[in-house]
Number of protein chains: 2
Amino acid sequence: MKTKPGLSIIKIGGNIIDNEQLLSEFLTDFSELKGHKILVHGGGKKASEIAEKLGLKPCFSNGRRITDEAMLDVAVMTYSGLLNKQIVAQLQQFGTNSIGFSGADGNLIQSEKRKNTEIDFGFVGDVIQVNNKLISALLVQNCIPVFSAITHDGKGQLLNTNADTIAAEIAISLSEEYEVELIYCFEKKGVLLNSEDDDSVIEVLDFEKYQTLKNEQTIHSGMLPKLENCFKSLNNGVHTIVIGNQKTLKNKAAATQIKL
Amino acid sequence: MKTKPGLSIIKIGGNIIDNEQLLSEFLTDFSELKGHKILVHGGGKKASEIAEKLGLKPCFSNGRRITDEAMLDVAVMTYSGLLNKQIVAQLQQFGTNSIGFSGADGNLIQSEKRKNTEIDFGFVGDVIQVNNKLISALLVQNCIPVFSAITHDGKGQLLNTNADTIAAEIAISLSEEYEVELIYCFEKKGVLLNSEDDDSVIEVLDFEKYQTLKNEQTIHSGMLPKLENCFKSLNNGVHTIVIGNQKTLKNKAAATQIKL
């Protein structure tokens with residue numbers, strides 16, 4: 001079997017994006033990372049901050065936050081505009097030839113508006129297709145794609161989409177051609193055994209252990225969809241998954257490795 | 001001499017962007033345009049509208065409007081975020097595989113912060129370099145670049161840049177490889193002999209006639225920098241320049257052709 005080239009896909013969350021110093025340190029490390037790479041970023045607190053300044057009221061349906069048209073506009077402006085271009089400009093400064101994308105650009109990530117009989121989530125999209133051909137063509141030309149968490153439905157509608165899921169779907173799609181390493185950087189050093197103890201990092205988390213910890217409710221709330229994304233990715237060809245903080249690029253051993 | 005392939009570069013202004021119906025009609029025409037093409041767009045009233053909602057006060061220095069940091073953020077959000085992605089999503093709907101860019105993306109347009117001894121214009125950039133190699137590579141792959149009026153200085157700083165100038169600089173840079181037709185679409189049918197009479201379109205405007213009309217002050221204010229851009233472009237390899245309204249793509253004969 002021919003060896004596939006390596007590809008690192010790194011997703012960063014709000015804690016890094018919201019902190020100028022952390023973001024700059026992370027982007028320096030990202031620039032120094034060898035080989036093919038892709039960055040996926042969320043939006044942090046900036047979108048809520050701008051929405052509030054614009055006088056928008058958060059919108060809920062049955063207790064669930066929904067993305068109405070005004071909030072979608074703020075998400076597009078903030079994620080695909082301000083944050084994406086600031087990240088790209090900083091990477092250019094470090095000599096990393098990055099290009100910022102929404103899923104509409106080059107039809108890179110197509111999604112469909114979430115269907116739910118009980119709740120209308122508004123302009124939220126679930127990924128249905130990744131244009132891996134164009135992403136590959138860019139990687140071959142040493143362009144580094146930087147994805148914001150906005151996709152489109154192919155019918156002219158932009159959609160707000162979970163950044164963890166975007167990272168996972170890109171990873172799955174590109175694992176046909178690449179040996180993909182997916183790294184989630186968030187506010188903790190890894191998946192914790194005790195959410196009160198930042199040093200209780202689980203070194204290796206496999207599916208069986210995950211099931212046990214989930215049933216015990218040791219792992220709960222926001223970690224559940226993140227880990228479901230991870231296991232789905234591993235089951236669909238992604239080679240390696242690591243969950244840690246912004247220092248993980250430099251020190252993977254301190255983070256949590258997810259295994260089947 | 002080998003014949004160069006054709007390339008149409010179209011710049012649209014605020015009057016088209018601010019009007020949903022006009023924009024949709026224009027994008028339909030743009031989609032139907034044959035051959036290689038590039039779209040450059042300004043920002044229209046949207047940025048001022050958002051700035052006002054955010055409570056930002058317009059900033060002036062010696063009577064000239066300047067782009068302070070807060071206003072730059074709004075420009076980046078609005079031009080490279082909201083408008084650029086809405087345009088790209090609409091073009092995707094029409095089957096046109098467009099990709100939206102700021103000048104930072106792929107280091108496509110590098111500029112330098114405007115130097116002026118009397119006025120500090122703030123975060124405003126003058127174009128110094130266009131990455132025509134990457135633009136060409138995209139055109140060959142039938143990707144349609146859509147440029148917003150934001151550039152970067154290569155040192156991490158985004159800069160607000162005149163969209164007319166961006167269109168002209170891209171046109172000049174790509175005319176080495178392509179026979180470039182540059183079309184400026186604005187609110188009038190063409191360059192007018194009498195600004196009160198919308199039907200007084202000058203059919204052909206050459207440099208001599210321009211000089212005369214400028215001295216007579218028949219042509220004045222905003223038209224002057226636009227036309228200076230045109231003559232600079234023609235003097236630097238651009239093949240054809242047309243100035244007209246949003247219908248010009250369908251009917252060039254009704255617009256003004258600029259000649260040396």
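Using the three backbone atoms N, Cα and C, a Cβ is placed for every residue, glycine included.
Unlike curated records, TrEMBL annotations are generated automatically.
Together with A:GLY43, A:GLY44, A:ARG65, the substrate site in TrEMBL holds one more listed residue from A:ASN142, A:ASN160, A:ASN194, A:ASN215, which is A:ASN160. Around A:ASN160 (substrate binding site), the same-chain residues at least 6 positions away in sequence with a Cβ under 8 Å from its Cβ are A:THR67, A:MET71, A:LEU72, A:ALA75, A:PHE123, A:VAL124, A:GLY125, A:ALA149, A:ILE150.
In this structure, the CA atom of A:LYS226 (site 'Transition state stabilizer') is 16 Å away from the CA atom of A:GLY43 (substrate binding site). Those same-chain residues not listed among A:GLY43, A:GLY44, A:ARG65, A:ASN160 yet with C-beta within 8 angstroms of the centroid of the substrate site C-beta atoms are A:GLY42, A:ALA47, A:SER48, A:ALA75, A:TYR79, A:ALA149. Comparing Cβ neighbour counts within 10 Å across the recorded positions A:LYS11, A:ARG65, A:LYS226, the minimum falls on A:ARG65.
Across the structure, A:GLY43 (substrate binding site) and A:LYS11 (site 'Transition state stabilizer') are spaced 11 Å apart at their Cα atoms. Classification of A:ARG65 (substrate binding site) by DSSP places it within a strand. Within the group of binding-site residues (A:GLY43, A:GLY44), the Cβ with the highest number of other Cβ atoms inside 10 Å belongs to A:GLY43.
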